[in-house]
């Protein structure tokens, strides 16, 4: 289980028991800058994900050692070959920025875990880089803990996501709207190759760099395409794009079933792996509202709940634009193929959403009545705005003594007639999610040095399908009116 660290654990492991690879840094020097983390005055390991450390093949006790903490801050070069800041571009709220990059982040390198999967180890809040654009490159403890908490909850919910290995406090005081304790969050992902990475490659290196990046991403994320298409050519890259579309469609469909609002779906926050990244302004809805917006910087609702599939389709169109020269033997052929493929995203998403909602309702996705039941369910959700998590878990535990939720009285008998699989529903619909009011309370207390609420919430949301005795308060939505004024912030 992921827990705050115990300072009494042994710390006498000076030698790094592993070595990181530097595949991305070595293959793409034109997209990276060698860098190191900034020195920190009083670093302390605040939270360590022991299970993830073991999956990576790293001894948790070594990570607790002084050498391990230095590694987690980007200061210990021993296990690494080359730490780098990555360059990328991006559309931010629809506006193209040609040079973004890791303004407060470092890629330490890649490591192959005990499961055989190659993953990045990446820092956030480790100090200024060449991409900082005047910012201080640091992160506050609260946002670092939010990323740890929510990303691990998403993993437990079965959502493709980056994960968090650790949070290290730095001993610095950093200025935001007020003075806050500084921290570094250590993120783990199957890669950090973004739509924005391809945009950057396209404008800085043209077709050759775009092809190399696509081949790297294919080898890393979709290796079966290498076997199917051993030679570079339009079919290889078209199938790569289709795979990315499917991965993103499945991810956003799961967001929509769970009531998750990402909040900042820029192209630099869209990974070709399909993993969810960047939890700064995210939120889980209590009441179902298709117009739900929580991010303080999303003033026009571009990334509201109901827009998320549309925005990801738009982001994927931007990816397709960078790959047009690879899609066909002529420019016109590349454009035609790109448009043809992009036009399929809506159907890919709708199929993924149908499968997700069918699973959530315990229904056979292929049964003739399922589509109608799902359509009626969504219409009732829009009309009555029930608490998303409570409603779905209530259905999962249905019995003859259950009282139909308000507005669902006529729908329930139709649903029961389809013989829903309640056992599988209980493995699909969580008891606990990181509800906004609980997250805010836990983070506020942890920043003040009181860790009990954070530890309790972390334990519940990383085992979300198991009801725990005496934890009823963690199942309930926030106070009346809380969501009407609640706002999230990027933490930058």
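Each residue's number is its place along the chain shown, starting with 1.
Glycine is treated like the rest: Cβ placed from N, Cα and C.
Here Swiss-Prot flags 101, 103, 104, 124, 136, 137, 187, 194, 278 as ATP binding site. Under DSSP, residue 101 (ATP binding site) is assigned to coil, being neither helix nor strand in the three-state scheme.
The feature active site, proton acceptor is assigned by Swiss-Prot to 268. Taking Cβ-Cβ distances under 8 Å and a sequence separation of 6 or more, the neighbours of residue 268 (active site, proton acceptor) in its chain are 88, 89, 90, 91, 92, 100, 194, 195, 196.
Marked as Mg(2+) binding site by Swiss-Prot: 269, 278. In sequence order, 90, 194, 262, 277, 278 are the residues near residue 269 (Mg(2+) binding site), counting only same-chain partners six or more apart with C-beta under 8 A.
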Legend entry - Residue with minimal Cβ packing [other Cβ atoms within 10 Å] among the binding-site residues 104, 187: 104
Legend entry - Sparsest Cβ surroundings (other CB atoms within 10 Å) among the binding-site residues 136, 278: 136
Inset, instruction - Ten-angstrom check, please: count other Cβ atoms within 10 Å of the Cβ of residue 101 (ATP binding site), all chains counted. - result: 24
